[in-house]
Amino acid sequence: MASKLLRAVILGPPGSGKGTVCQRIAQNFGLQHLSSGHFLRENIKANTEVGDMAKQYIEKGLLVPDHVITRLMLLELENRRGEHWLLDGFPRTLVQAEALDRLCDLDLVITLNIPFETLKDRLSRRWIHPPSGRVYNLDFNPPHVHGMDDVTGEPLVQQEDDKPEAVAARLRQYKDVAKPVIELYKSRGVLHQFSGTETNKIWPYVYTLFSNKITPVQSKEAY
């Protein structure tokens, strides 16, 4: 195992397969997969101060502002100073990236570039189990029973912003907000971009990249 703690971030638009790639990285390299969405749900559920602040925005259908999500994530990262980790969903904006700079230096930033039309198709086929955050896709990750969560058997829902008419606007917004973040990490020489439509084809390159930074915990690539 490398003596230096690995600090990595994964960027990508909604529907890019970030969650799947994160799971594989965590499984193969023993990194903690730290998801901003997961921490938001946990803090809202626990009625923490920052969770209550975030809830006020979410209930109004608003984006959680930079200062709230940054406070939440920096608190979580402070508690994990001794761990290798992979950040997913943070930083989303330049303000968030600059706040993260004050805590640590990043070793790797990977961004997934997926064609616009592919993302639109994927998102409109996406259904979720809100209590857990589990995501299903009717094409490549369908539930065992149509419309039902595999673990609990509870009904799945399609988010309003996953409906086709909302998807294009979300993708445009992501592109506008993410561009300066991507440029920042590119200028520092830590950005690695992966393009394609299938996670299984991108994965070997991601595996090789991480293998050069940290010793895999498994002897072969886990799919």
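A Cβ is built for glycine as well, from the same backbone N, Cα and C atoms used for every other residue.
Features reported for this protein in Swiss-Prot:
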type	residues	note
BINDING	Gly15, Ser16, Gly17, Lys18, Gly19, Thr20, Arg126, Val135, Tyr136, Thr199	ribonucleoside 5'-triphosphate binding site
REGION	35-64	region 'NMP'
BINDING	Ser36, Arg41, Leu62, Leu63, Val64, Gly89, Phe90, Pro91, Arg92, Gln96, Arg170	AMP binding site
MOD_RES	Lys60	N6-succinyllysine
REGION	125-162	region 'LID'
MOD_RES	Lys175	N6-acetyllysine
MOD_RES	Lys179	N6-succinyllysine
MOD_RES	Lys179	N6-acetyllysine
MOD_RES	Lys186	N6-succinyllysine
MOD_RES	Lys186	N6-acetyllysine
Inset, instruction - For Lys179 (N6-succinyllysine) and Leu62 (AMP binding site), determine the Cα separation and express it in whole Å. - result: 21
Inset, instruction - Going by DSSP, give the three-state secondary structure for Arg126 (ribonucleoside 5'-triphosphate binding site). - result: strand
Legend entry - Nonlocal neighbours by CB distance (under 8 Å) for Ser36 (AMP binding site), same chain, sequence gap 6 or more: Ile69, Leu72, Met73, Leu87, Asp88, Gly89, Phe90, Arg92
Inset, instruction - Compile a sequence-ordered list of residues in the same chain as Leu62 (AMP binding site), six or more apart from it, whose Cβ lies below 8 A from its Cβ; state 'none' when nothing qualifies. - result: none
Legend entry - Between Lys186 (N6-succinyllysine) and Lys175 (N6-acetyllysine), the C-alpha gap once rounded to whole angstrom: 15
Inset, instruction - Output, ordered by sequence, the same-chain residues six or more apart from Lys175 (N6-acetyllysine) with a CB under 8 Å from its CB, or 'none'. - result: Pro13
